[in-house]
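Quick notes on the structure that follows.
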Amino acid sequence: LALRGSSQDQIRLQIAVPSHGFALLALVGLVGVASDPAASRREHPDLEEQEKQDAGFRHHLSTQEKTLQICVVGSGPAGFYTAQHLLKHPQAHVDIYEKQPVPFGLVRFGVAPDHPEVKNVINTFTQTAHSGRCAFWGNVEVGRDVTVPELREAYHAVVLSYGAEDHRALEVPGEELPGVCSARAFVGWYNGLPENRELEPDLSCDTAVILGQGNVALDVARILLTPPEHLERTDITKAALGVLRQSRVKTVWLVGRRGPLQVAFTIKELREMIQLPGARPILDPADFLGLQDKIKEVPRPRKRLTELLLRTATEKPGPEEAARRASASRAWGLRFFRSPQQVLPSPDGRRAAGVRLAVTRLEGVGEATRAVPTGDMEDLPCGLVLSSVGYKSRPVDPSVPFDSKLGVIPNVEGRVMDVPGLYCSGWVKRGPTGVIATTMTDSFLTGQMLLQDLKAGLLPSGPRPGYAAIQALLSSRGVRPVSFSDWEKLDAEEVARGQRTGKPREKLVDPQEMLRLLGH
């Protein structure tokens, strides 16, 4: 608002009107103001108050002009850790967009229900969301409800942190048969991911085969074999607990193409499996021949993991452990040097009845070790096949470069290649590997690069409208965003429902029900 010192002063008010571009609307009014300010105040006693308000308005505008408007797409660990780092800049305002009505990504939908301590990181993310310079907007799907170019026009910088929401296909015949599903979908089902709530896995068989030997594979095996009464006090969904109570699965095989030295799971998860109540491990000592000498050279974490495998496979357990294993009604085992070739159908061709595996041997050394087929085959009968061969990111918008082979956005230290002002963090930046701590380091690095670019003058100058512009677009498209305080209402409802049955929460799994509860 500019006041010019003439008797007929012109007031010019500039308003950013949100649309596909941001039109500048100048409202020009002529007002009579005496050239003597003191005389004006005597004639108009309220003018002094008006001038104070004008000064406040000018201050507000100048603050707005200095605000660094940043948008983060995805509210999992990568999104929240990126926001946390960016908020270190005193002028930064960060809007986090999320396609689910609820925040926290894989902390909510990926971490196993019997690992509540891992979910404590939600407390840190909640603190970030409570910052006056951070806002969460759920129920907004970038690429569908709003495009990346629209976000880039509204913000000084955009960070894509939307993770890996797909799974890698096995690419073998028969994987489309009933009785075959991805470990990702199975995890989503028992953790209440809306898109997987109707999965209804058939657990009426005796044997399940999990293709893969990472932490997700071990999580799935553990949930399948854990006595249901041990899961009753977790936040597993009511529907999943009901199905697991009826499960007839007694044996779970985890199949890997390579050997014991190449497994992708970590020692904590392995120890949990070895000590799982009511279940015993099946490991073939022949798979571990000659391993004692090889592990001398490997890094300490890998060495400790392999030693635990070796002891479990080859040493006679003590009397107490021997008695525990003898009384176990369920079992799990690791099958090494096996690569899936085909999911075998039942005689009527209607569902999965087994997996045909190629026997492999190892070639190369160290990290370059790869499995090559020997020519031998073997069939492993089962009624449930879960593929756990990795997660995969999807492209979010045609305007964003995407490497479909690697399943990542091409970037250099988080800067999206050939698109200034666009960044990425987390799994969509580096691929679906590592734990929450890895993602934290990675996201802080992306935040650092963005702030470096700001300092170097590489980001757009001048004010950007941020959420005000996007809100107008979403409103015109009939999209109702869910705020963080909305989420806290849903959170309170989940906790209240859980308390009735002694659970920490009973997750809401239907987005429509969530929106109804919020009056959307």
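Any Cβ shown, glycine's included, is placed from N, Cα and C.
On its own chain, Leu106 (FAD binding site) has Gly76, Pro77, Gly163 as residues at least 6 apart in sequence with a Cβ closer than 8 Å to its own Cβ. Taken from TrEMBL, the feature FAD binding site applies to Ala78, Glu98, Leu106, Val142, Trp427, Gly434, Val435, Ile436.
Here TrEMBL flags Gln213, Gly214, Asn215, Val216, Arg257, Arg258, Glu269, Gly434 as NADP(+) binding site.
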Between Gly434 (FAD binding site) and Arg258 (NADP(+) binding site): CA-CA distance (Å): 20
Sparsest-packed among the binding-site residues, when each Cβ's other Cβ atoms within 10 Å are tallied, from Ala78, Val435: Val435
Most Cβ neighbours inside 10 Å, all chains, among the binding-site residues Arg257, Arg258: Arg257
Length of the line joining the Cα atoms of Ala78 (FAD binding site) and Val216 (NADP(+) binding site), in Å: 19
Nearest-integer angstrom distance between the alpha carbons (Cα) of Glu269 (NADP(+) binding site) and Glu98 (FAD binding site): 30
Long-range Cβ environment of Glu98 (FAD binding site), under 8 Å and at least 6 residues apart: Gly74, Ser75, Gly79, Gly105, Phe136, Trp137, Gly138, Asn139, Val140
Around the Cβ of Asn215 (NADP(+) binding site), the count of other Cβ atoms that are within 10 Å: 18
Fewest Cβ neighbours within 10 Å, where candidates are the binding-site residues Gly214, Gly434: Gly434
